[in-house]
Amino acid sequence: MVTALSDVNNTDNYGAGQIQVLEGLEAARKRPGMYIGSTSERGLHHLVWEIVDNSIDEALAGYANQIEVVIEKDNWIKVTDNGRGIPVDIQEKMGRPAVEVILTVLHAGGKFGGGGYKVSGGLHGVGSSVVNALSQDLEVYVHRNETIYHQAYKKGVPQFDLKEVGTTDKTGTVIRFKADGEIFTETTVYNYETLQQRIRELAFLNKGIQITLRDERDEENVREDSYHYEGGIKSYVELLNENKEPIHDEPIYIHQSKDDIEVEIAIQYNSGYATNLLTYANNIHTYEGGTHEDGFKRALTRVLNSYGLSSKIMKEEKDRLSGEDTREGMTAIISIKHGDPQFEGQTKTKLGNSEVRQVVDKLFSEHFERFLYENPQVARTVVEKGIMAARARVAAKKAREVTRRKSALDVASLPGKLADCSSKSPEECEIFLVEGDSAGGSTKSGRDSRTQAILPLRGKILNVEKARLDRILNNNEIRQMITAFGTGIGGDFDLAKARYHKIVIMTDADVDGAHIRTLLLTFFYRFMRPLIEAGYVYIAQPPLYKLTQGKQKYYVYNDRELDKLKSELNPTPKWSIARYKGLGEMNADQLWETTMNPEHRALLQVKLEDAIEADQTFEMLMGDVVENRRQFIEDNAVYANLDF
């Protein structure tokens with residue numbers, strides 16, 4: 001029995017008349033990248049989101065509250081919802097059942113005509129038809145009109161007419177599909193964590209909906225996670241602040257509509273210094289911000305300044321806070337739903353609707369102002385926090401000037417310890433951040449000076465999780481990095497000015513090296529996050545061991561490799577093993593051959609796939625709450641490779 005189907009048979013005039021047809025499907029198999037972005041692992045998972053988005057649309061319209069996603073044996077995907085069921089009556093223009101039109105004609109669906117869905121999610125909106133076209137097999141079961149309807153397809157082509165296969169007292173839709181290996185040549189295997197992260201996010205963004213993910217590929221080890229948040233994004237903010245010290249117990253929360261735009265905002269300040277602002281439009285994470293973010297920021301700054309001056313916490317007009325000051329230590333989520341969202345920007349993740357700015361500004365400012373006057377103690381704490389941030393900003397401005405590099409060609413302002421590369425083309429340039437001066441010397445001698453720059457870092461950099469920007473910019477190692485990268489920092493950050501498109505962290509393979517690596521990643525995440533999002537940050541993989549047998553040398557990168565090599569080698573001639581404790585133990589040639597030569601090296605690219613996990617991990621590892629850190633170490637100690 002399918003658990004997600006609904007007992008309520010409420011079709012509410014959702015029929016073939018609401019299905020609008022725009023164009024044919026022929027192009028989808030020829031040029032799949034145009035419709036789903038790519039045919040890589042990312043594109044494969046996009047197929048799931050296209051089907052899930054349709055179920056979310058039913059939920060947003062008020063007709064579904066349960067969605068189930070199952071990874072079946074052989075990487076089939078099954079998505080079930082308890083909505084009204086896709087219409088099965090004949091669609092007038094095509095003369096075919098509406099469900100068949102939706103699954104075989106590109107851009108045919110309830111989200112395009114305006115009569116079916118008021119608001120719909122999904123960035124591409126390419127819908128079920130493209131999933132069908134890019135699937136080796138697809139099946140649909142519709143529970144509607146007390147009847148179960150069924151149709152099957154191969155590569156988008158119906159195998160038989162829609163037929164009745166049983167009776168039912170439920171409503172809803174079940175779609176099963178298997179991605180076509182001829183199109184997804186890289187992989188057709190789904191990653192549970194990738195699906196889990198987005199499903200949890202969707203459950204937060206659509207409060208009250210229960211979304212279940214189940215992995216049935218291993219019969220003896222079935223995995224299941226179910227997400228249901230009555231608090232919606234309010235619960236999301238509480239989760240993000242879990243390892244922080246909030247300065248008010250409950251997040252400030254608003255959920256209102258104006259001019260057919262639904263606005264939901266949750267905000268909570270904590271004692272830290274980092275800002276964590278996530279924005280969404282129709283469930284799409286708008287990484288590049290947009291008009292909803294602009295309206296929120298404008299209202300926040302104006303209302304806090306107005307309150308600070310009228311309550312005499314701020315003495316004069318000249319004490320006004322900047323936007324950056326008002327957002328210090330703030331965790332906030334903005335989610336809007338719009339009938340016709342306009343996405344722009346480099347990755348189509350920036351909201352462009354100008355009318356949204358005014359609506360968000362008005363709704364949030366009224367609510368926030370009321371909150372401040374009703375909670376004077378919290379209001380004072382927030383304003384005073386902003387005043388402290390303003391003082392730090394003035395101090396940081398002086399320090400920031402020192403880090404400014406006018407352009408990629410500006411050599412005069414470069415830090416003295418930097419051995420820059422001669423190429424001025426950022427796409428081919430890489431900079432190695434090397435632990436210690438001695439290792440820095442070896443890497444400088446062993447590098448390709450045309451494309452590889454070296455910046456030695458002395459000792460551990462500052463833990464930015466516990467510091468304001470003025471203190472951070474007074475740290476010599478951090479200042480040198482900012483100057484070398486050329487991007488600026490914080491509000492001044494500009495990815496287009498990056499001098500290097502590969503920033504490689506190169507530390508010793510011991511506990512100290514791991515700590516320095518974590519400090520650097522914390523700095524990049526908190527103050528230069530676009531570098532990570534653009535895929536510019538890497539971690540070098542220097543060898544752990546050198547195994548010598550006669551004149552033959554083998555470099556080994558982990559214990560598993562070492563065990564494998566030892567089992568394969570002849571016992572004679574006798575071999576010896578040396579463990580590298582640090583980069584400084586390798587000469588220039590060895591460093592080049594094992595760690596820096598693009599032909600042979602292994603680099604780990606740092607990816608940001610789950611903002612919640614990343615934020616919580618950095619806060620827990622580098623923040624003030626010792627108990628959470630201790631628990632993490634105890635839970636993960638079995639995986640650690642400790643070097644005493």
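Numbering starts at 1 and runs along the chain as displayed.
Positions of Cβ are set from backbone N, Cα and C atoms, glycine also.
Here's what Swiss-Prot has on this protein:
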{"type": "DOMAIN", "residues": "429-543", "note": "domain 'Toprim'"}
{"type": "BINDING", "residues": "Glu435, Asp508", "note": "Mg(2+) 1 binding site"}
{"type": "SITE", "residues": "Lys460", "note": "site 'Interaction with DNA'"}
{"type": "SITE", "residues": "Asn463", "note": "site 'Interaction with DNA'"}
{"type": "BINDING", "residues": "Asp508, Asp510", "note": "Mg(2+) 2 binding site"}
Field: Helix, strand and coil totals (DSSP H, G, I; E, B; other) for the domain 'Toprim' (429-543)
entry: 56 helix, 21 strand, 38 coil
- prompt: If you count other Cβ atoms within 10 Å of each one's Cβ, which of the binding-site residues Glu435, Asp508, Asp510 has the most?
  reply: Glu435
Task: Sorry to bug you, but what's the C-alpha spacing from Asn463 (site 'Interaction with DNA') to Asp508 (Mg(2+) 1 binding site), rounded to the closest Å?
output: 19
Message: Validating a neighbour-count step here. Other CB atoms within 10 A of the CB of Lys460 (site 'Interaction with DNA'): how many?
response: 14
Query: In terms of Cα spacing, which of the recorded positions Lys460, Asn463, Asp510 are within 10 angstroms of Glu435 (Mg(2+) 1 binding site)?
result: Lys460
Distance, Asp510 (Mg(2+) 2 binding site) to Lys460 (site 'Interaction with DNA') (CA atoms, angstrom): 14
Query: Which ones in the same chain are close to Asn463 (site 'Interaction with DNA'), with CB under 8 Å and 6+ residues apart in sequence?
result: Leu519, Thr522, Met622
Task: Averaged across the domain 'Toprim' (429-543), what pLDDT does the model get? Just tell me the whole number, please.
output: 86
